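*Asks:* Below is the structure I would like to discuss, written out as structure tokens.
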Amino acid sequence: MAEGEGLVSVDYEVSGRVQGVFFRKYTQGEAKRLGLVGWVQNTSHGTVQGQIQGPPARVRELQEWLRKVGSPQSRISQAEFSNEKKITALEHKDFQILK
């Protein structure tokens, strides 16, 4: 992690065909590949939501992935990001799939 770059935390919600297509598993894999922490879970209204934390450049990469790529079978119609803020320390140990 580059010194002076700081850390950010961002909440997200992805809509479209994102449940039953291994979206959470692929999101976790991509986040771990980028060295990010946070979580992902299905919602009762058919979307996937979660939180990403890490260096801003890496967080941007995952945001772009959530917006455009997703899992092979998914069809993303919209990705919304909210509550972006600078943080002084990571609040999660790794990237988890929540039930």
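Each Cβ is built from the backbone N, Cα and C atoms, and glycine gets one as well.
Automatic prediction, not curation, is the source of TrEMBL annotations.
Okay, so TrEMBL annotates it like this:
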- Arg24: active site (ACT_SITE)
- Asn42: active site (ACT_SITE)
- 9-99: domain 'Acylphosphatase-like' (DOMAIN)
*Asks:* Can you give me the same-chain residues 6 or more apart in sequence from Asn42 (active site) with a CB-CB distance under 8 Å?
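*Replies:* Sequence-distant Cβ neighbours: Gln19, Arg24, Val48.
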*Asks:* When you measure from the Cβ of Arg24 (active site), how many other Cβ atoms are you left with inside 10 Å?
*Replies:* 21
*Asks:* Summarise the model's confidence over the domain 'Acylphosphatase-like' (9-99) as a mean pLDDT value.
*Replies:* 98
